[in-house]
Ligand SMILES: [Zn+2]
């Protein structure tokens, strides 16, 4: 699981984080502990997100907020107590959150995004900033969002009544460990010579009856199914002009061919290894193909011209691409093998064969990496990380690259892709159950706040209806802008009413739930493991549902 | 709230801040270091203290208006009887084991109290609303039970690493340091041995090990144990030729040989918990951990006063000494049987049934529990939802309508009645004649059971025994199966022990009521529609998005249910009256069915 295991006996720290190390390993934990998170807005939701990041031990956090604690905060925010009343929210929240985990360094700043951007821009300048990730709690006027640097991942969160949304922006995000269900790649259609020879040798007397000097029943019932398949594929090829069973009907025939060779005069009447072989036919017999995620990575422009500035990820990716180019388009072997019916010795021998091949493929990739790095005089050419290359090779068919749309593009009103997503969702046959209306209403909320400096519904009674009409107007304008031909959908109106009714207020339950959803995505981005949402997730607490959109 | 662990901490925080009036917390566990990465109501200073007590203390500070009560106890204790459960508006299950979940499920069904059941594993989680007669119950779908292994597989013919781990944890450690009387849930004694001679041998081997245990203070204790379990017992097994006809025979290890090789190697070499240890490293770890454990027992013996029970050590995945011992012993046994050796890290997970856990999943799950509770408290089970969390990027979770009760479920699809009995006087015959035949008009062909069979038409030996003699306690569930043609559905009788006047019948008789026939019960219960799906078919993450979205309530908003839907949205606002600024705007302007009371709570017209 962990690619670079911690050395020595488990410390109390490893014990404390044992349950999560089993999810993201030492690699993920190290990345987490190097993160410095800035929270803009010590709201209930913001504090809940931070709680869920401090518990698994991020490195540092800084709470930035310029308000004083009010009575209203106490009812919703677990991290502001009675003693906090009248004191700076940033200071009190940082103190109470800090108590959650002594391993995490916490700090605060009585300030806001607007004044930082104009008075102390160095704090958010990618060349000088200490922050690795920014958590931004609504409300924040749109122009400020657009001034944020493109180099730092941001998480912008709305939490209103029962509605929550999270918008992620990150610079190009690459993932090696998406944690697929299985890394197994048996290469049954493309065996390398040593594997073919091994299979041939182990199965030479497979179909000869014991009475005629063939294999004994015990051995016959313990030939690993991988070897059975390799052997019978050879037989198949001989009787099919060298073709492999590719189609469904061919595979069905191939299955019955294997069943015919099973010995039935054994105790129980069947051989488990033959059953395993038959069960693997549909799933494991396939031509090795590049996954779409890996294709995207290997065809990324970053791979094409390697310079001394190129990130190691892209150099390894390029090396893998070159490796595949000279290896019949086959990626480095993962080396993973499933459990199977076999004698322990036979299993280990087969496993060693797969592992040795994986090792030598990774070594070949490492040589190419070394070549590139030396050629461009890469600053890290003398510290090539063998573990990282092996990890990359093992996962080479599961790579992922996410290019997040900028927030500026989302708000430009002229971005065709954005329009396409929204119009597509509005035109969907099941639009009535879509959460796209929540997005549209929240977007109007954002514009309202930007224009008025307050949340809709957050004033005296008289203006509520006015606020609602204003939100409605904004929505209509937006829909017109993106070319929506019809009148305002009723569901948009409903959600807009709900948002006005919330008056910018949070509910603790929603804040807590949003804290879980947002922190989970932050962890995926920090650890560079698992696939994070791209780029917006909406939660509706009334239906207890979520939906994601690439907006 | 049953369980104050990962979900429980989040849940309690949510309930307290939402302003629930009275919350009872039940948990028998104490706080461990490995809880602290998510159970935020606890700190380092609370390790070894009661979860229920500390959770109450920490969370209580945040809302003095909530009445909190903590029970550091097992939810299966008799004090938590049906009446106790009946005192709550809603019960939350935030448990970590199947057995307790099933128990609470049964109690809530019996008390007719809604239950919100939840659980997490890593990034996955689930929330389910359970209400008698309205939704399926926890036992309506088959739940995988923790695996147990036949004794002979563990003791004589292991073929997988887990067999050796169970042997080390549930046999070797127990025989040397524990009390072997307690049967382990890992071992299934009902499985028949291939031959009875082997069973007898295994008994004798265990006896021999117990004798060695007496020599714990001798300097060659480790050598004696080693030679016993890895040499002599193995040689004995190997000599049973018929066992090895279709298996590879085990190869015994010799202490002299292994310890010679290990000379001069420090015990530190085996400390890396993710490395696969060699034979020698495993041996060093075995000897070293055995010495540590023996010293602990000897120390405890010295401190023992009077006739206190003899000191024992039981397996705890977080107790490094026991874990080292189990890891090394399991691996040595694997080497003997030619089975793959595992790292200590992996063995910890396998031996300790460790489930990965993080704060984020717990937060989401607990939040969803409370959202469901809002609906349950309004008696609105049609808009309650079953929710599955997953780590998939296309959506954080899937939502479906709860399925109706499974008409064949033996736990919820039963008729129910409750009676009182003086269990020291009342006999099984009284129950059969007075309650079942006279009172409820059962025929002759019935089967009556508690956790054991009490009566059927071929077994009437117990008729004259008292209920107490048959194992009845303060509260006992009796299941009655109708064996006539066209039978009634099963009946569950809750028998409560009561002192009844000496001169009266020792058992109360329920008024007759119609118990539906099995045949008609099946017809009346609506089949789950394809949109509702059935979680029994497996993980919801495999379902298509159309299926999931299509099942949601909002697809009805064009139909006659529009009014109800609007109501749903508005009514939700009622509970969290503490929401900041929420009360500022009278919802009446937007929606004419809502009014705000003087005290600020929102009620429905
Ligand atoms: Zn049921």
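Residue positions begin at 1 at the first shown residue.
Heads up, the Cβ atoms here are built off N, Cα and C, so glycines get one too.
Note that TrEMBL annotation is computational and uncurated.
What TrEMBL lists as ATP binding site is B:3-8, B:27, B:35-38, B:51, B:96-101. Taking all protein chains in view, 28 other C-beta atoms sit within 10 angstroms of the C-beta of residue B:3 (ATP binding site). According to its DSSP assignment, residue B:3 (ATP binding site) is coil.
Per TrEMBL, Zn(2+) binding site is recorded for B:137, B:140, B:409, B:412.
Summarising the annotation, TrEMBL assigns domain 'THIF-type NAD/FAD binding fold' to B:1-409. If you average pLDDT over the domain 'THIF-type NAD/FAD binding fold' (B:1-409) in this model, you get 87.
Summarising the annotation, TrEMBL assigns domain 'Ubiquitin-activating enzyme SCCH' to B:271-348. DSSP labels the residues of the domain 'Ubiquitin-activating enzyme SCCH' (B:271-348) in these numbers: 47 helix, 0 strand, 31 coil.
What TrEMBL lists as region 'Disordered' is B:520-542 (among others).
Taken from TrEMBL, the feature region 'Disordered' applies to B:549-568 (among others).
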Query: Around residue B:99 (ATP binding site), which residues of its chain at least 6 apart sit with Cβ under 8 Å of its Cβ?
result: none
Under 8 Å by Cβ from residue B:37 (ATP binding site), counting only residues of that chain that are 6 or more apart: B:357, B:358, B:359
- prompt: Counting other CB atoms within 10 A of each CB, which of the binding-site residues B:27, B:96 comes out lowest?
  reply: B:96
Statement: Among the binding-site residues listed as B:137, B:140, B:409, B:412, the Cα nearest the Cα of residue B:6 (ATP binding site) belongs to B:137
- prompt: What subset of the binding-site residues B:3, B:27, B:37, B:140 has a Cβ sitting under 8 Å from a Cβ of chain A?
  reply: B:37
- line: Between the C-alpha atoms of residue B:412 (Zn(2+) binding site) and residue B:96 (ATP binding site), the distance in angstrom, to the nearest integer, is 22
Message: Quick test of your reading of the structure: among the binding-site residues B:3, B:6, B:37, B:96, B:409, B:412, whose CB sits under 6 A from ligand 1?
response: B:409, B:412
Statement: Other C-beta atoms within 10 angstroms of the C-beta of residue B:412 (Zn(2+) binding site) total 25
- request: Let me know the most crowded of the binding-site residues, choosing from B:137, B:409 and counting other Cβ atoms within 10 Å.
  value: B:137
Task: For the recorded Zn(2+) site, enumerate neighbouring residues of the same chain (Cβ within 8 Å of the Cβ centroid of B:137, B:140, B:409, B:412, site residues themselves excluded), in sequence order.
output: B:109, B:136, B:138, B:139, B:405, B:406, B:411, B:413
